[in-house]
Amino acid sequence: MAVVLDTLKNDPRPVRLRHPEKAHRPDQPVQAKKPDWIRVKAPGSRAWSETQKIVREHGLVTVCEEAGCPNIGECWEKRHATFMIMGDTCTRACAFCNVRTGLPDALDLGEPDKIADSVAKLGLHHVVITSVDRDDLRDGGAEHFARTIAAIRRASPGTTVEILTPDFLRKDGALEVVVAAKPDVFNHNLETVPAKYLTVRPGARYFHSVRLLQRVKELDPAIFTKSGIMVGLGEERNEVLQLMDDLRSADVDFLTIGQYLQPSKKHHEVVRFVPPDEFKAYETTAYAKGFLLVSATPLTRSSHHAGEDFARLQAARLAKLSPALSA
């Protein structure tokens, strides 16, 4: 059984202290045993190895590896990968995240074409592009996102593009640049309920993130919007329901809810493992509140089954519009 996978242990890249900003923090409690419902297959298939080879050959970074995603074996076996642009070093230090923190390197201006070439070689029908936070850049990396989307459109015109962005806090005009590139899905994760932001996501602002998602719809109503949260961080059910209402007020289409898994003893503790029946209850409630699509399971992650979910999103929108069109 594998839960949080250390796929970086054989990484040929130079070793750096992964979380220097967390070194001074007291150790957090670590759950000795994970419940039976959190089980994943360890990676190692031929398709997984081929996907890894293409990623390595192009010198690319994937959030699948950097964040220790438990679904990497399943996704890479299907040749699904979430590419992380603008380097592997984040300017923020969220208490839940396994991505390293520090001063990032300069942007690789050839990266958009490298990503696009990999997408074409993997034959991806749907690709997810995410990034570290780049508060050091004037536009937060918005133009780099736009160039990456454009490069994928040129190299693989049939591929739909989903982006998972940072919040572009205090980066005027950045969001407009990204939306103008016309991704098919715009995802920005709230991550947790507002009461937990100071301890879980201290560099962000909850209502700024909600407004970011709302603004995407105002700029281009055709773009699907999506957001995700983790549970098991000490949130209350009523707080999660209020978060759903906040997202619906921003006209967000798709909500993902998954179990938080602790990357190390220096990260936020797992307050509890939420049982599958509670995830099902969240899913039922979210659909009742009007989301087009909801994915709520212990192993749900933002990019998990993203291609299949995009097809389901399209079908859900069409079903919603059909009665109005026939009236």
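Glycine is no exception: its Cβ is also placed from the backbone N, Cα and C atoms.
Other Cβ atoms within 10 Å of the Cβ of S303 ([4Fe-4S] cluster 1 binding site), summed over all protein chains shown, number 28. In the three-state DSSP scheme, S303 ([4Fe-4S] cluster 1 binding site) is classed as coil. Taken from Swiss-Prot, the feature [4Fe-4S] cluster 1 binding site covers C64, C69, C75, S303, and the record attributes it to sequence analysis.
Feature annotation from Swiss-Prot assigns [4Fe-4S] cluster 2 binding site to C90, C94, C97; the stated evidence is sequence analysis. Long-range Cβ contacts of C94 ([4Fe-4S] cluster 2 binding site) within its own chain (separation 6+, distance under 8 Å): E191, V200, R201, P202, G203, A204.
Here Swiss-Prot flags 8-32 as compositional bias 'Basic and acidic residues'.
Residues or ranges marked as domain 'Radical SAM core' in Swiss-Prot: 76-292.
If you look up Swiss-Prot, you'll see 1-32 marked as region 'Disordered'.
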Around the Cβ of C97 ([4Fe-4S] cluster 2 binding site), the count of other Cβ atoms that are within 10 Å: 22
DSSP three-state assignment (helix, strand or coil) for C90 ([4Fe-4S] cluster 2 binding site): strand
DSSP-derived class (H/G/I helix, E/B strand, else coil) of C97 ([4Fe-4S] cluster 2 binding site): coil
Neighbourhood of C90 ([4Fe-4S] cluster 2 binding site) by C-beta distance under 8 A, where only residues 6 or more apart in the same chain count: C97, V99, R100, T101, G102, P104, V132, D133
Local confidence of the domain 'Radical SAM core' (76-292) - pLDDT mean: 95
